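Engineer: Got a structure for you, written out below as structure tokens; questions coming shortly.
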Amino acid sequence: MRTQNLGYPRIGIKRELKKASESFWVGKATQAELLETAAQIRLKNWQTQKEAGIDLIPSNDFSLYDQVLDMSLMLGAIPARYQALQNDELGLYFAMARGVQKDGIDISAMEMTKWFDTNYHYIVPEFVKDQQFRYFLKKAINQFSEAKSAGIVTKPVFIGPVTYLLSGKEKETGFNRIDLLDKLLPVYVEVLKELSVAGAEWIQLDEPFLVMDLNADEQIAYQKAYQFIRNALPKQKFIIATYFEDLDENTKLAVSLPVDCLHIDLVRAPQQLNSFLENPSFRKSDKILSLGVVDGRNVWKNDFTKSLNTIVKATKVLGKEKVWIAPSCSLLHAPCDLDLEKDEETLPAEIKNWLAFAKQKLSEVVTLAKLSDSTTNKKYLSQLTENQLAIEQRKVSAKIHKPHVGERVKSLHDTDFNRLNDFEVRQETQAKALKLPAFPTTTIGSFPQTTEIRQLRARLKKGELTEETYNQLIESEIEKSVRWQEELGIDVLVHGEFERNDMVEYFGEKLSGYVFTQNGWVQSYGSRCVKPPIIYGDIERPEAMTVKWSALAQSKTNKLMKGMLTGPVTILQWSFVRDDQPRSETAFQIGLAIRDEVQALEKAGIKVIQIDEPAIREGLPLRKSKWDEYLRWAVNAFRLSASGVNDETQIHTHMCYSEFNDIIEHIAAMDADVITIETSRSQMELLKAFADFKYPNEIGPGVYDIHSPRIPSTEEMVILLEKALEVIPARNIWVNPDCGLKTRGWHETDEALKNMIAAARFIRKSVQINS
Ligand SMILES: CN1c2c(nc(N)[nH]c2=O)NC[C@@H]1CNc1ccc(C(=O)N[C@@H](CCC(=O)N[C@@H](CCC(=O)N[C@@H](CCC(=O)O)C(=O)O)C(=O)O)C(=O)O)cc1
Ligand SMILES: N[C@@H](CCS)C(=O)O
Ligand SMILES: [Zn+2]
């Protein structure tokens, strides 16, 4: 039985790509050095997959920044504002990703958004009415040849044409991006032909949009696209890869497409196997079914017994020749290698034995194939026994269940989910208590996480600093940032989150029921990575998590200091979550822990508390039919965390990378007194949903993009605020950046915030508020 892999993490096992890219961007490394690091990572990845015994190894899954951006460059979909940079391929590439502001050039970056329901962000393709495509970036053929020279004939991987178009955005009115298909397909064919001629036996086209609700035009686009490709390359073998959900009513469409293999995600949607096995056209065809049985989105060891049952079921109907084994999706979303984890304190051996990262998942795929084959299975029986033991041990481990935690969730009442009074009453009470000016200014929480700060934590970990010295140094950073914010004239201060490695991992470390890794990095966007903590058991808050720092920061100023927490849905969404109970149950356990923290902050004198929920939107099921159920528990988990305080205490929430149109009533149902959102990259477009809904509570529409080093001018922020004023009552508007400033340097942060304060002052003077 054949095995395939859909994609492999490209950051390098020690985040080599991150380090090389960041050095290149600041001029500390040459282009040649960056490209050499990238080539080494690719080679190592291919070798790792070969050594694991994977039959079809992907290429073109590597990217210096983002695979969707690579597609835009490959297809020549380069927005007009970058035309002047076309002679410097790498300069152009990073300008599109990050914006550029140097030597008199000032060009904004392209928008970034979440890849389906993952914590991975891609660069959104931009389309205009008269969009032209041409074969521009030759990365796929170059990397195919590179692997071939290393002795590996790979399977080039692309985002399929329909998913590519649907992932993008129209930048002008008067057309639908799906109508660009006719112009796009010839360029796809040109690329695919080149790879075919170069010797690619199989080519993978990722079409995750096939698991989404598709309208008639989109369904027709699928038929048209794949017929066009088939006509142009009659002999080439193609795989269409789907993942993250059930194909459901699109199964018939997918089966009808003239390709040679369909990959389906049987972790997210195990039930869809039957739809294929019972589909007469599929059974009659020569198409291969690639079974995505090994979870590419989580870290739990595969349950071999369960997977083997699935494989046997499929082979009984289709025969072994027509069944392949694979991870459920690209392994981009998994950490690289569990073998790097050596610290028993943060990851005890018992729990480590329940886990598998990308490298281990490759072995799982291969072992499942060997176990499914009567000629090889005997050699692998001991691995099956070992696996069964680990799965059984996890099920019965005393580490997982704390009955009183479950009891507390069960005994919750309606009152636990509601503030004492409605927003209108609270708004008046808070206006009197907080005495804020019109258009109050604030920031989203984090300030630059400089190398110096990160090194302090690294030295603390290594024992080179005592906890006492570390705490003193963090305190002095807080002190400095408080003085600086006072000088800038910010109204609601933050402590800067200097003590946090990450807004989720930090809370994971403080809560029980979690374990952590030392090297379990996963790419979030570009060079930025996260190390999601792992929820293995019931969650509890053994002690206060943030009160010490917030109270200390408040003690250093007479201005308002905002307490800063991450909300239950975001903590859940950005952790690797236990798969032995519903996610909603885990969300409520976290909700209770955060509620306790919110109450403790209030008791310590913190009057404004922000509970970040940037991942609410990302957690939305891909199928609309499942939205209501999710939104009910997600909104309730937030309300549970936020509702235990008095009316005077102002609860903020913050969201970035979210489209709000279709969930606005649920955002309103969260009932935060203030919501700060990311809106600047879309030029306040996202605010429209709030305006149309007549969103009643206060809003801080981000006035500048924090993902780019460019410093926004006062004028451009005034323009954005004026746009906001057209649709939101002046009394409800806050002034703040799009998101936290942890990724920025101090110089640009200082300049940008000065300009932001000037913009707020200008607006205050020019607008009369009628309350
Ligand atoms: C808001 N965002 C977040 C998301 N998901 C999260 N889990 N967290 C988020 O904040 N999803 C959506 C967005 C994505 N945005 C970002 C933004 C920034 C980062 C980021 O900066 N990541 C850092 C890693 C952060 C971290 O864990 N830092 C640790 C360890 C730091 C480290 O590398 N230490 C060095 C030693 C020190 C040195 O020499 O520099 C080492 O271990 O080698 C810490 O601060 O202690 C990144 O560097 O990529 C991510 C997502
Ligand atoms: N409070 C966090 C929110 C990020 S989404 C920060 O400022 O980094
Ligand atoms: Zn944010």
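For all residues, glycine too, the Cβ spot is worked out from N, Cα and C.
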Engineer: Going by the L-methionine site in TrEMBL, where I444, G445, S446, D612 are listed, which of the candidates E392, E497, E665 is also part of it?
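Structural biologist: L-methionine site check in TrEMBL: besides I444, G445, S446, D612, the record includes E497 out of E392, E497, E665.
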Engineer: Looking at the 5-methyltetrahydropteroyltri-L-glutamate binding annotation from TrEMBL, with R15, E16, L17, K18, K114, N119, R528, C529, E618 already listed, which candidate in W202, W484, W574 is the matching residue?
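Structural biologist: When TrEMBL describes the 5-methyltetrahydropteroyltri-L-glutamate site, the candidate it includes is W574.
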Engineer: Beyond H654, C656, E678, C739, what residues of that chain have CB atoms within 8 A of the centre of the Zn(2+) site's CB atoms?
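Structural biologist: Other same-chain residues near the Zn(2+) site: I444, P614, M655, Y657, T676, I677, G702, D738, G740.
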Engineer: Which of the binding-site residues K114, C656, C739 have a Cβ less than 6 Å from any atom of ligand 2?
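Structural biologist: Among the binding-site residues listed, those whose Cβ sits under 6 Å from ligand 2 are C656, C739.
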Engineer: What is the total of other Cβ atoms whose distance to the Cβ of R15 (5-methyltetrahydropteroyltri-L-glutamate binding site) is within 10 Å?
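Structural biologist: Neighbour count, Cβ to Cβ under the 10 Å cut-off: 18.
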Engineer: Measuring Cα to Cα, tell me the gap between R528 (5-methyltetrahydropteroyltri-L-glutamate binding site) and E678 (Zn(2+) 1 binding site) in whole angstrom.
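Structural biologist: Roughly 18 Å, rounded to the nearest whole number.
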Engineer: Report, in whole Å, the straight Cα-to-Cα distance of K114 (5-methyltetrahydropteroyltri-L-glutamate binding site) from C656 (Zn(2+) 1 binding site).
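Structural biologist: That separation, Cα to Cα, works out to 10 Å.
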Engineer: In the structure shown, with every protein chain counted, which of the binding-site residues K114, R528, H654 has the densest set of Cβ atoms within 10 angstroms of its Cβ?
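Structural biologist: When each Cβ's neighbours within 10 Å are tallied, H654 tops the list.
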Engineer: From the binding-site residues H654, E678, C739, pick the residue whose C-alpha lies nearest to the C-alpha of L17 (5-methyltetrahydropteroyltri-L-glutamate binding site).
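Structural biologist: Closest candidate to L17 (5-methyltetrahydropteroyltri-L-glutamate binding site), judged by Cα separation, is C739.
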Engineer: Which of the three DSSP-derived classes (helix, strand, coil) applies to R528 (5-methyltetrahydropteroyltri-L-glutamate binding site)?
Structural biologist: strand
